[in-house]
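Features as listed in Swiss-Prot:
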- ASP815: active site, proton acceptor (ACT_SITE)
- ASN79: N-linked glycosylation site (CARBOHYD)
- ASN101: N-linked glycosylation site (CARBOHYD)
- ASN127: N-linked glycosylation site (CARBOHYD)
- ASN157: N-linked glycosylation site (CARBOHYD)
- ASN254: N-linked glycosylation site (CARBOHYD)
- ASN278: N-linked glycosylation site (CARBOHYD)
- ASN316: N-linked glycosylation site (CARBOHYD)
- ASN350: N-linked glycosylation site (CARBOHYD)
- ASN512: N-linked glycosylation site (CARBOHYD)
- ASN552: N-linked glycosylation site (CARBOHYD)
- ASN560: N-linked glycosylation site (CARBOHYD)
- ASN622: N-linked glycosylation site (CARBOHYD)
- 96-120: repeat 'LRR 1' (REPEAT)
- 145-169: repeat 'LRR 3' (REPEAT)
- 219-241: repeat 'LRR 6' (REPEAT)
- 242-266: repeat 'LRR 7' (REPEAT)
- 338-362: repeat 'LRR 11' (REPEAT)
- 435-458: repeat 'LRR 15' (REPEAT)
- 1-23: signal peptide (SIGNAL)
Amino acid sequence: MRSCVCYTLLLFVFFIWLHVATCSSFSDMDALLKLKESMKGDRAKDDALHDWKFSTSLSAHCFFSGVSCDQELRVVAINVSFVPLFGHVPPEIGELDKLENLTISQNNLTGELPKELAALTSLKHLNISHNVFSGYFPGKIILPMTELEVLDVYDNNFTGSLPEEFVKLEKLKYLKLDGNYFSGSIPESYSEFKSLEFLSLSTNSLSGNIPKSLSKLKTLRILKLGYNNAYEGGIPPEFGTMESLKYLDLSSCNLSGEIPPSLANMRNLDTLFLQMNNLTGTIPSELSDMVSLMSLDLSFNGLTGEIPTRFSQLKNLTLMNFFHNNLRGSVPSFVGELPNLETLQLWENNFSSELPQNLGQNGKFKFFDVTKNHFSGLIPRDLCKSGRLQTFLITDNFFHGPIPNEIANCKSLTKIRASNNYLNGAVPSGIFKLPSVTIIELANNRFNGELPPEISGDSLGILTLSNNLFTGKIPPALKNLRALQTLSLDTNEFLGEIPGEVFDLPMLTVVNISGNNLTGPIPTTFTRCVSLAAVDLSRNMLDGEIPKGMKNLTDLSIFNVSINQISGSVPDEIRFMLSLTTLDLSYNNFIGKVPTGGQFLVFSDKSFAGNPNLCSSHSCPNSSLKKRRGPWSLKSTRVIVMVIALATAAILVAGTEYMRRRRKLKLAMTWKLTGFQRLNLKAEEVVECLKEENIIGKGGAGIVYRGSMRNGSDVAIKRLVGAGSGRNDYGFKAEIETVGKIRHRNIMRLLGYVSNKETNLLLYEYMPNGSLGEWLHGAKGGHLKWEMRYKIAVEAAKGLCYLHHDCSPLIIHRDVKSNNILLDAHFEAHVADFGLAKFLYDLGSSQSMSSIAGSYGYIAPEYAYTLKVDEKSDVYSFGVVLLELIIGRKPVGEFGDGVDIVGWVNKTRLELSQPSDAAVVLAVVDPRLSGYPLISVIYMFNIAMMCVKEVGPTRPTMREVVHMLSNPPHSTTHTHNLINL
């Protein structure tokens, strides 16, 4: 009897368990399906989470993609990264109370986190990084998650103070809060974490002093507090007590003062990044006690003194970046003996003397850059002993002697820059056969001899040998350089004819062979090289006529054959070359009359001077003008009649099309609002603001309205022209995919969009002070004082820097200009208008475009020539904006003869008898400015000229620009530098 009762009881318990398990299983499935419905959003692809479907099977949900269950069929893990999803996290997430791992990163989820997350008390791993979550981070919902070990909220839109509730999570090991908008100081309580091993707070808007109490985090191994924060004071000396720390990143966060010698006590530290701050003083020799150190970056500071000799103890060092400081003295010989050193970058310092000849003997060197110092002597021969050296950069020094054969035969090299030295002798032939090299720059040296007859290299894009003593003929083997874009052989002693094979290169855009002893005609192949953008053959002894077919060169912008012996007539087909802005045919033997009309209207008489038998329309006698006037008038009448007839037909067609589109529009006027954050407004409110009296701007892509919402807020509404989707969406997709996802205080925030089948309306935060262009060139012109101009430059640079260096993939704006830098109520700058933006997946790579985009006067030369765009194209455009801030004039239209602002500045420098930086600035500075610090203007001017260098790779990065602008010389604020006009 007793056994029967026991059996019955067990059976009852089993059925109860089965019922509970069944209910829990179906409950988890229901929760997952509700998650799918909410998180997909309207913009997700149809196949997103396609296998998340209802089933009567108890275990079906355990086989959903990204879902894992325990033995009781309860969901314990969800990983739906990279789907992508565009909705929000619903309250039903709290029903998955057995969840241990929730990873929803790399999506486009928006809104605030639901309070129901607090029910996930078993959660150990929470990753919501790379989304668009906004608002204050709800620290209270984390408190019940007592098992939490990993919390990653990187790259979202969270604002407010750093939550202090995290400190109570005793098992938390990994806390990643960077890439948000957290502000205020780092809480002192953050020193109370019990188990924390990883803490990253970089790329926020933090301020105040770095708490010295963080040194109490004895379990911490990685600490990142840097980029885009703006702390006060310096590095806490107490950090030296963090003996477990292996990685410390305090880069680019406004730190000042000296480097504390006490940091040397961090014996386990392998990475120390202090670059891009305002650190001063000498490099503490005590740092040599950090025997585990592998990467040391002190670049972009104001450090002085010499490299400590005790650094010879750093046997594990692989990276030594000391560039852009005020270091002096010689490079100690022990640097060449560091057994693991791979990267040595010392550029822009005051180092002198000879380099140690043992550099590279460790067989590890990859990157070597000592540009802009005062080094002399011979080039070390063993730099490429490793066979892995990629960059050899020694420009702007005093090196002499030859280029060692060992370097010339280094097949791993990608960049060779040795211009502006005193190098001499023949260039080893091997340097012209390196398979991976992309740049060879040897200009302004004393090299001699002939170029080798055999030249090859599939990667070489820039070959610059200008201003040397090269002789002999230009080798036809240059045709083997199939990737060559820039060929500069000017100011040498080359002779013979120009080999026609040169112009068979498919990517050639810039050719400068001026200032040699070349003879013979211009090769007929010249007019077949349709990629050409700039050609300078001046100051030679060329003869013959200009080959026929010039009009085929549709990208040619500069053509200079002055001071030669070229004859024949000026090609009439030049009139059709709309890209040609600079033409110089002066001092030749041209005959006849200069053609008129078309592109010839752009050129002045200077372009044709010094040709005795050539006359212009002003100097040639009028011939039978009256005889032609009658027939021409009749012809004109016929043309006018035809135009009127065609116009009438066009109006009828347009009217019919208009009525058809109007009928279609009525069917498509269902507006829908999509917000990238919580918006307290409705689509109808936005549409009601599309009135003539609300227009605040017009452009090629659409009209911008000011919208006053019922809640009292103002928004900017950009109504895009054209259809709502498709290939010609006038930047709608580009804006959504770029500014819709990114967040930075100096990038105009896209709040959301309103759309129907015919029209897209983009909603932005309203900028009451308009654009920088309006303040410089409009009715408000001249009211910006220098301090405000400088502030705007720094802030706009930070916005672009974020696009280039903190977005993944990086974003190229492609239309940087003063009209796209908007100013809020406090005159803080915001980069705007991403309708032309493009993603670029590798920094330093380029992307080919089908046509030129951007604004005339701001477009980088290589972009206009090759249609290839990279982040350095934006740098050029920003340099033009800096010149606008200094000069106060538009980039084009004010300098005559197709000259832009960059060309005008260079021309002004050449015209000055003593062209110092100060003289140039005083000659070009905005006359409306008064009381400005001259040194500050000169400083920005020099940065601007770095940005607008003709060759893209020689321009600084936006990160370097930000650092330079943020760290002006102290003397720029001294009152004795003020200029009153």
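Glycine residues also receive a Cβ, built from the backbone N, Cα and C atoms like all the rest.
Within 10 Å of ASN278 (N-linked glycosylation site), as judged by C-alpha distances, no recorded positions are found among ASN101, ASN157, ASN350, ASN552, ASP815.
In terms of DSSP secondary structure, the repeat 'LRR 11' (338-362) contains 0 helix, 8 strand, 17 coil.
DSSP assigns ASN552 (N-linked glycosylation site) to a helical segment in the three-state reduction. ASN254 (N-linked glycosylation site) sits 23 Å from ASN157 (N-linked glycosylation site), taking the CA atoms of both as reference points. The recorded positions recorded for this entry are ASN127, ASN350, ASP815, and the Cα of ASP815 lies nearest to that of ASN560 (N-linked glycosylation site). Per DSSP, the repeat 'LRR 3' (145-169) is made up of 4 helix, 7 strand, 14 coil. Per Cα geometry, ASN512 is the residue among the recorded positions ASN157, ASN512, ASP815 nearest to ASN552 (N-linked glycosylation site). Taking each Cβ in turn and tallying the other Cβ atoms within 10 Å, the top scorer among the glycosylation sites ASN350, ASN560 is ASN560. Non-local neighbourhood of ASN79 (N-linked glycosylation site): GLY66, ASN101, THR103, each in the same chain, at least six residues away, with C-beta under 8 Å from its C-beta. All protein chains shown were included, and the count of other CB atoms within 10 Å of the CB of ASN512 (N-linked glycosylation site) stands at 20.
When Cα-Cα distances from ASN512 (N-linked glycosylation site) are compared across the recorded positions ASN127, ASN157, ASN316, ASN350, ASP815, the shortest belongs to ASP815. Residues of the same chain lying 6 or more positions beyond the ends of the repeat 'LRR 3' (145-169) and with a Cβ under 8 Å from any Cβ of it are 100, 105, 118, 120-139, 175-184, 186-187, 189-190, 192-193, 200-201, 206, 677, 743.
The distance from the Cα of ASP815 (active site, proton acceptor) to the Cα of ASN157 (N-linked glycosylation site) comes to 25 Å. Helix first, then strand, then coil: DSSP counts for the repeat 'LRR 15' (435-458) stand at 0 helix, 8 strand, 16 coil. Residue counts for the repeat 'LRR 1' (96-120) under DSSP (helix as H, G, I; strand as E, B; rest coil) come to 5 helix, 5 strand, 15 coil.
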